[in-house]
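Asker: Take this structure, written in structure tokens, and hold onto it; I'll ask about it next.
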Amino acid sequence: MGRSPCCEKAHTNKGAWTKEEDDRLIAYIRAHGEGCWRSLPKAAGLLRCGKSCRLRWINYLRPDLKRGNFTEEEDELIIKLHSLLGNKWSLIAGRLPGRTDNEIKNYWNTHIRRKLLSRGIDPTTHRAINEPAASREVTTISFAGSTTKEETEKCITAGINSNNKEENSPVSERCPDLNLELRISPPYQQQALEPLKTGGRTSSLCFACSLGAQNSKGCSCNESGSSSNSGYDFLGLKTGVLDYRSLEMK
DNA sequence: AAACCGTACAACCGCCACACC
DNA sequence: AGGTGTGGCGGTTGTACGGTT
């Protein structure tokens, strides 16, 4: 016996939402809150699939959505997070307040992806497209062994902090499936040692902080002068292995 | 002015994970 | 332990819109 459909498709609207539908959905959620998307359409008087209502609310109607163009800081963060997480849009969105997974996914596919390709960078591997295969031993973080979202979050934070070269890293203990094949290379340009510059000004947040790991072991905000030991270098973002700061983003 | 093309983004679809029974 | 319902996620599609020819 197959699964029952999520809604009665014959009696549901599809396509673009009307203003009236939006108003109904907003009014209902304001009155009753989110939850039970399956029964929501009927209760709210909407001829829509529950899934469609959820998507519309999460991606468009939610009051805390930022909307508008992505900033340079957001661009950089998305690229860095994607290099760490891959197409885990919901996780990436979780680190960008006011942005949705759908929005970020679209932005990636329409803007960032093309930009990286035009620079000769593979948007999937975050490596130079013509880079020899032998040198493509990249940092890959697998979440296959992370059974819960919380564990995955721990692994992300662990990844942020994994720059230290100590042996027997606690990261491995917490996340046994975490592949920490790190690529460690010396800085190849002086610029890489300068503080992170974004949009023509200097950002005061290190990558660890931008990921919500303030005051963690990998946080380098409080280090004076050189940031050569900061926590986000595990991707080579500062060493010059990957340096997206030179990229122009619209 | 019209046709064509590329881009951006909202929305849909199918699958998966989890909770509950 | 297995079946079922639901929510959530990622990939893909559809379409409106602006630019170009």
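Using the three backbone atoms N, Cα and C, a Cβ is placed for every residue, glycine included.
When I checked TrEMBL for this same protein, it listed these features:
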- A:9-61: domain 'Myb-like' (DOMAIN)
- A:9-61: domain 'HTH myb-type' (DOMAIN)
- A:62-116: domain 'HTH myb-type' (DOMAIN)
- A:62-112: domain 'Myb-like' (DOMAIN)
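Could you place these features in context, so I can see how deep they sit and what lies close by?
Answerer: Over the domain 'Myb-like' (A:9-61) the predicted model carries a mean pLDDT of 87.
Taking DSSP states H, G and I as helix and E and B as strand, the domain 'HTH myb-type' (A:9-61) has 34 helix, 0 strand, 19 coil.
Mapped onto DSSP classes, the domain 'HTH myb-type' (A:62-116) shows 36 helix, 0 strand, 19 coil.
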